[in-house]
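A short worksheet on the structure shown next.
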Amino acid sequence: MKKNSSNAMALAPNTSNKRETVCIFGTGDFGRALGHKMIQSGYPVVFGSRSTQTSSLIPKDAEVLSHAEAAQKAAIIIIAIQRQHYNFLTPLAEILHGKVLVDVSNNSKINQYPESNAEYLSQLVPGAKVVKAFNTVSAWALQSGTLDASRQVFVCGDDMEAKQMVMDIVRALGLTPLDQGSLLAAQEIENYPLQLFPMWKFPIFLSLGLIAFFFFYSLTRDVIYPYVYEKADFSFFIAISIPNRICPVLALILLALVYLPGVLAAIIQLYRGTKYRRFPDWLDKWMLCRKQLGLVALAFASLHVLYTLVIPIRSFVRWRTSNQIVSQALNNATEPLNITSAWLSDSYLALGILGFFLFVLLGITSLPSVSNNVNWQEFRFVQSKLGYLTLILCTAHTLVYGGKRFLSPSSYRWYLPNTYMLSLIIPCIVLVVKFVLILPCLDKPLTRIRQGWERNPQYSE
């Protein structure tokens, strides 16, 4: 059967081992880096440029031609040029008819234009098959080969065959293509590289706010109060003591905040009697950043461990220990071992060690390289069952640490309780409500709701 055009032949599935020629418009940093990577993967590459003079920056195995000549040699053309320079493509519309144009551009700010760059390209060259890809991969990553952090490549386009060809190239480069659907998704893909840690904003800002609050709170209790009433200068507490109070407090509060939205979601579902209604936006966003909250909590827990390890070598601790020894020697008396205190001390240390171990296990399981190798049931067991066990152990660690000091008047300076007392409020609320929710009278209807049962089906959305 006779083919309609050479372009149709070029777009046919490649059954041989030979790679098809790829054209790249643009000899900038990204175009050169992508061309070099393609040559390493066995693709013949031809560059289309305003200047056909060879340069030492161009990969030596690549050919440099004019835009028109380069376009005629390949069915797939990668447009590695900024949007404002797309106008040169209009005179090439006839040559580009039926070709696959891969738009790799990004903008300088989110939603910079009414339409995406890829949609604008398809308007300029209506006869071409436009595909959006490679905009989330940096030139530096392609050149250095460190693609671990940017291995995923989002791909979208209206032509399935053209999109499949681009995804085959992505795989050949050792990357992972993710099909995002039609070209309407291009604007979202273009906005993605411009977002600065979108899922980390809430955890980071929340942590900074809590750090500021507890720093000034601890400064008031542990530095300003002794100076006002005893004229004692404990300003050096700012270096170790106060951070070692803030870190465990934040670790416990943030860990509790990981599981609080799940508890709230369960209450809302029980109240509504259905799972087919959206949660409030604030709860949706909160649930989406639970992983980041947990990792930030793990970071503060790790800092708490490091600060605790240096306590024996602190000058203040060594001075206080030697002072106690001298005092006992002068009084010719030793303090007998308090078994109760020894039990409390060893218990809270043991609970802290076990809690931190499970904390680290939760953090490791959240890594994509680990979570991709476990099934949903295993992942849920670790993140939910072991997660609550971690919260119980860390809460118990803090409770045992407090001991009888909860009832001691000296623990309240200017009527302010110690920081660890404040840290117990949210975890205890979460654990108490969770305990109530697992009672059969509530757990059974909640399970039925999550399996699709509705109390009032006529109101489902």
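Glycine is treated like the rest: Cβ placed from N, Cα and C.
Taken from TrEMBL, the feature domain 'Pyrroline-5-carboxylate reductase catalytic N-terminal' covers 21-107.
The annotation transmembrane segment is assigned in TrEMBL to 202-219 (among others).
Sequence annotations record features per position, and here TrEMBL assigns transmembrane segment to 249-271 (among others). With a cut-off of 8 Å between Cβ atoms, the residues of this chain six or more beyond the transmembrane segment (249-271) that come close are 203, 206-207, 210-211, 214, 279, 283, 286-287, 290, 293-294, 296-298, 300-301, 304, 359, 387-388, 390-391, 394-395, 398, 419-420, 422-424, 426-427, 429-430, 433-434, 437, 442, 445-446, 449-450.
What TrEMBL records for 249-394 is domain 'Ferric oxidoreductase'. Counting residues of the domain 'Ferric oxidoreductase' (249-394) by DSSP class, helix then strand then coil, yields 122 helix, 0 strand, 24 coil.
Listed by sequence, the residues of this chain that lie at least six past the ends of the transmembrane segment (292-313) yet keep a Cβ under 8 A from its Cβ atoms are 199-200, 202-204, 206-207, 240, 243-244, 246-248, 250-255, 257-258, 356, 359-360, 362-363, 366, 387, 394. Sequence annotations record features per position, and here TrEMBL assigns transmembrane segment to 292-313 (among others).
The feature transmembrane segment is assigned by TrEMBL to 347-365 (among others).
Long-range Cβ contacts of the transmembrane segment (386-407) within its own chain (Cβ-Cβ under 8 Å, at least 6 residues beyond either end) map to 248, 251-252, 255-256, 258-259, 294, 301, 344, 347-348, 351-352, 354-355, 358-359, 361-362, 418, 420-421, 423-424, 427-428, 430-431, 434. Taken from TrEMBL, the feature transmembrane segment applies to 386-407 (among others).
Per TrEMBL, the feature transmembrane segment maps to 419-442 (among others).
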Structural state census, the domain 'Pyrroline-5-carboxylate reductase catalytic N-terminal' (21-107) (DSSP three-state): 32 helix, 19 strand, 36 coil
Model confidence over the domain 'Ferric oxidoreductase' (249-394), averaged pLDDT: 88
